[in-house]
2 protein chains.
Amino acid sequence: MFGPFVNDTEDPKKFAVWEPKVKVYREALAAGIKDEYKLPQELIPKDFDVGVDVTGIPAKVLTESELAITESSGCDLVVKIAAGELSAVEVFKAFAKRATIAHQLTNCAMQIFVDEGLMRAKELDAYYAKTGKTVGPLHGLPVSLKEHYNYKGKITHSGYVGYIDNVTENWSVAVEVLKEAGAVFYIRTTEPQSLMHLCSYNNITGACRNPWNTSLTPGGSSSGEGALAAMKGSVFGLGSDIGGSIRCPAAFCGVWGLRPTQKRLSMHNVTSCCGSKVQESVACVLGPLARSAEDLDLFMKASIVSEPWKKDACIIPLPWRTESVPSPKELTIAVCYDDGVVKPTAPIIRALKHAVSKLEASGVKVVEWKPIAVQKLVETCSAMYNADGNSSQKLALAASGEPLAPLTHVALSFGCGDDGVSVEKNQELNGIRDQGRQDYLSAMDAQGIDYILCPTYVSVAAKPDVIKYWGYTNLWNILDYPSVIFPTGLKVNPDLDVVDKSYKPRNEYEAYEHFLYTDPKDFINAPINLQLTGRRYFEEKLIKASQVIGEIIAQK
Amino acid sequence: MFGPFVNDTEDPKKFAVWEPKVKVYREALAAGIKDEYKLPQELIPKDFDVGVDVTGIPAKVLTESELAITESSGCDLVVKIAAGELSAVEVFKAFAKRATIAHQLTNCAMQIFVDEGLMRAKELDAYYAKTGKTVGPLHGLPVSLKEHYNYKGKITHSGYVGYIDNVTENWSVAVEVLKEAGAVFYIRTTEPQSLMHLCSYNNITGACRNPWNTSLTPGGSSSGEGALAAMKGSVFGLGSDIGGSIRCPAAFCGVWGLRPTQKRLSMHNVTSCCGSKVQESVACVLGPLARSAEDLDLFMKASIVSEPWKKDACIIPLPWRTESVPSPKELTIAVCYDDGVVKPTAPIIRALKHAVSKLEASGVKVVEWKPIAVQKLVETCSAMYNADGNSSQKLALAASGEPLAPLTHVALSFGCGDDGVSVEKNQELNGIRDQGRQDYLSAMDAQGIDYILCPTYVSVAAKPDVIKYWGYTNLWNILDYPSVIFPTGLKVNPDLDVVDKSYKPRNEYEAYEHFLYTDPKDFINAPINLQLTGRRYFEEKLIKASQVIGEIIAQK
């Protein structure tokens, strides 16, 4: 199930030298909380570990206008700003305030720099006042960024203490594209050590909390983006996903997320342990976390209309294609209740059944999906992550000698762990991957379906630092089929989502993972999201399909 | 310069068991030459090694109508067939005759199956007679196929004796696409052992000859396609290219060739030593060899309009985009006279200067290209070929114990040879590759150019079994920039193309490769082609630019 792994990078003496730098970094983060945005003490829960829902707190401190702005979609806001009904500064201030509140409740930020954002919003307003035009399709939208995207002139550490001195001299191409489209930046969000947890802990800023139930994880590795989106602290944000890192936090935090097909958006100038090395067997992909299908579309269209292939030679010049929202009767989708490796828990099964019943009632044709070679593909994917025998990860960890988080232990044990594989074996794994891509294409054609509805994870938001099985998400990473995560409107209800204690696990993965959901009461209020997967490179159609499917399922 | 390599696959005893199978295969090839297409003995040169130009021989045996048909372009032929002016059978018979003649003069075929082609042509005519319609954009066009594309029900050995029993059960997707578009098949063409020579020798059918000077190689690895295209034995043919294998034979044989960007055309179901393993650091790419830019366009458009991404999950759904031929004044191109590693020989330099002078006179703006990190990129590419320590190649060779061709020795010594590399190192090589792609993009932008005009190889068609330096072609494989090869209309002229014997080589590659062109008289009549490279995924524009550039340069 897991490969060998020796914890040989921890070095307490060395780490002692680095701890003061961590302290300075944290102080800078704390200093980013402007006095006027500080929450009154009585609004901050005394004990987050008991599981508090903090999503209602912003409404207690925002003005009516701030509330209205931050509850709006990106699509609405750009129209209003472009029409002169709202200024970029007004919009910015509302989101800056709400994001700062979100951070105080969830620890979702790694850097907050409201003054810089304000300056940018003022520039945009000045440009608009002077020309009557917007600078681009995202003019005045406050956008959040996962920390590991290079930000010119700021530290980019990618969750490694050893990179805490790394002030990046360039912009990530994807960030630059958003900036040129008119986005306003003010917050960079948290991610776990090594970026390889579906969870959030790192040694720099600690753990992030799930806003719906603060005893649970927001998921990861785009942890802060998930929490911030649920708190409505940005219009949308940039995540990244090599095993579920956009989709897991989107699902756990009850928001929308898209993992596009590789090579549509640029990952140029992103800091990771790989440095200039390129692991391409399973590619890390950039994508948005947002609050609606329409905003996923807005993000993608704005990113691709800029023709990123002119800036990054790895990007495919596939324009953003305009698609209309399909009518339910045009859709045939397959539903996957169980991947054959780890059976989903009660709330997920309930949501799937609920979804099918709603979809069928709306005229969508639903067929059952038979999982294909899931365990083989998921294990192949795991072996690809560590094909280099953890050499890159260990170098990054050893730089500071920082302690390993529990889930870093797990991640470094994936696949063949420290043993890695030979190039010949890696080429075999690539062959399994490509055959999988082909088999899934054939199966979709055979069933006449364009979309597969499935869980995002075995269960809802988990307790911190326990998730080991990534199969419901990283299956689509190895296959490189794009997926949208969307809320069903359902939440965990202990009366309905009871545990079948007599269930006999079929394998070791299931014996561990299925039973992480033991006492439903621990998961109260956790959102139940689902995943819709489409064909490679057809994000446009996938988003439109997810929009109608999401609407049908979430109907009261 | 080259890595270690142990010749441990040859096994004469084992090979003795395989030799009778080779004999049977050759007999089948000989039997494919229909009596009515047999050349009279007096037209077959007594000694090919003295260097005969055989390109004029078909005209001596073809009827006027056969000659007119086979001299026509594919674009003209499809129009005439669709208009009912020519039947598929008429067209087929002319090409079948000419191809069979070509084979007798150059040994370009591995399988000839004229009766099957005729049956298909008859079916197409019957369909047309019944419906008044064509089956697709290539209705009735005789198309040749490099041997390693799977052909349902036929042996596909990919140049390895050990695969000579391999009757493929499926079609290559790319071949199926052409078939559905209306192409007629009748000949599969030769390739070297291991597919990794820019030359032609294999142990099954021996060497192929260059039709312009039979003492020279047609190049490789799409050797037979090069020779056949020069002999006009098909309208166009399918080659493949991982280091120059379309472009080198196109250049040596004086025809057109295109190596497209990867993932636009399907390489699914192609036989190679890799089997189900996937080496993706430098991808093997499919493309046409043809006799004009218009026919390259026809091939690509017909292949892509079929939406091959519906059949092969690895293909990008980038439609074929209609582009117009640019006017000379719209073009700025860079010219590369020397890659800084191996200086081209006199005929190549003459052709480049001739080209620049013609282009400038026509209003094309020409700037000089400064080569970037060529040796590093070329050596990185070489290391990628053998990253697995030759394990796949050796398994395929050991299957029969066949003797190693001299250039297989060279190919197995590329990069790190038998040592191969680790996955970590392979990821480093990928990083060098991606940085190169980026650096070339930036340099093209900085100079305001979309195209680079450069040699295809250090020299013109070489003597058999000597080429070791692939840098002028495989630079573009590692960078994955598309290239078109086109004729300049020039040929080697010993009076003009003299050797500078005082030239001091700058390195070992040059000391060897530059001086393979020693006595210009040996290369009499060898065509001088050039290479035009464009931006990734913009084959449409590249072909149109090559059309106008090719016309300007070849003007008398």
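Using N, Cα and C of the backbone, Cβ positions are placed for all residues, glycine too.
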Hey, TrEMBL has substrate bound by B:Leu195, B:Ile242, B:Gly243, B:Gly244, B:Ser245. Any idea which of B:Ser172, B:Ser221, B:Ser266 it lists too?
B:Ser221
Largest tally of Cβ atoms lying within 10 Å of a Cβ, found at which of the binding-site residues B:Leu195, B:Ile242:
B:Leu195
Relative to the Cβ of B:Ser221 (active site, charge relay system), which residues of the same chain, six or more apart in sequence, are found under 8 Å away?
B:Lys146, B:Gly159, B:Glu191, B:Pro192, B:Leu195, B:Met196, B:His197, B:Leu198, B:Ser200, B:Ser240, B:Ser245, B:Pro249
Out of B:Lys146, B:Gly243, B:Gly244, B:Ser245, which has the highest number of nearby Cβ atoms, where nearby means within 10 Å of its Cβ, if these are the recorded positions?
B:Ser245
Determine, for the substrate site, the additional residues of the same chain whose CB lies within 8 Å of the mean position of the CB atoms of B:Leu195, B:Ser221, B:Ile242, B:Gly243, B:Gly244, B:Ser245; present them in sequence order.
B:Met196, B:His197, B:Leu198, B:Gly220, B:Ser222, B:Ser240, B:Asp241, B:Ile246, B:Cys248, B:Cys284
